[in-house]
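Note sheet for the following structure.
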Amino acid sequence: MTDRYEQINDYIEALLKPRPDNVKRLEAYAEEHHVPIMEKAGMEVLLQILSVKQPKKILEIGTAIGYSAIRMALELPSAEIYTIERNEKRHEEAVNNIKEFQLDDRIHVFYGDALELADAVHVTAPYDVIFIDAAKGQYQNFFHLYEPMLSPDGVIITDNVLFKGLVAEDYSKIEPKRRRRLVAKIDEYNHWLMNHPDYQTAIIPVGDGLAISKKKR
């Protein structure tokens with residue numbers, strides 16, 4: 001992440017209202033155990049968008065330990081959230097965390113690879129919001145697979161589309177090569193998304209970058 005980009009995020013995070021202790025405990029656990037969760041500033045923007053949109057049903061691709069799903073459920077008391085996690089340990093942690101927050105009646109966790117669960121997830125479609133926050137190299141595949149399950153006025157939100165600001169730099173020399181390929185994949189996804197014939201997209205440079213995509217009328 002570039003110094004300037006990081007400074008801006010730090011500034012925004014310093015302005016945020018304190019979060020409940022149980023939420024801060026999740027954040028501390030994620031940091032200690034290197035679990036990727038949304039950056040705080042990006043999370044607040046996501047919640048603001050959801051509070052305006054007031055979705056009744058949300059699909060999240062990439063549960064991790066349940067942090068984002070829990071934050072969304074707390075913000076939207078009447079929303080149902082369906083979320084997918086392929087890592088067995090994180091799936092178990094997410095289920096336990098959701099129960100601790102007493103949200104297991106509204107947050108439903110699928111275990112498995114999102115690329116293989118479309119049929120199961122389709123049963124509870126359509127979704128008013130689809131939130132993509134899983135394997136970055138598969139973003140375009142996730143979009144293709146789940147976009148048909150979006151409600152007519154729904155939005156698709158993708159996290160990490162700026163990837164520490166690296167997509168805006170000359171990433172041809174990034175090492176290791178695996179990281180370079182991942183940055184290239186995200187850059188490719190951004191260009192594809194911005195030129196999608198059926199969606200209009202805005203990219204918001206907050207957190208690690210959010211793309212907000214809505215069907216064209």
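Note: Cβ is positioned from N, Cα and C throughout, glycine not excepted.
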Check Swiss-Prot for me: it has Met38, Glu85, Asp113, Ala114, Asp133 binding S-adenosyl-L-methionine, so pick out which one of Ser68, Ser151, Ser172 it puts in that same site.
Ser68
Taking just the CA atoms, what is the gap between Asp133 (S-adenosyl-L-methionine binding site) and Asp159 (Mg(2+) binding site) in Å?
5
What whole-number Å value do you get for the CA-CA distance of Met38 (S-adenosyl-L-methionine binding site) and Asn160 (Mg(2+) binding site)?
8
Neighbourhood of the Mg(2+) site (Asp133, Asp159, Asn160): other residues with Cβ within 8 Å of the Cβ centroid, in order?
Met38, Gly42, Gly62, Ile132, Ala134, Lys136, Thr158, Val161, Asp208, Leu210
Surrounding CB atoms that lie within 10 Å of the CB of Met38 (S-adenosyl-L-methionine binding site), all protein chains:
24
Rounded to the nearest angstrom, how far is the Cα of Ser68 (S-adenosyl-L-methionine binding site) from the Cα of Asn160 (Mg(2+) binding site)?
14
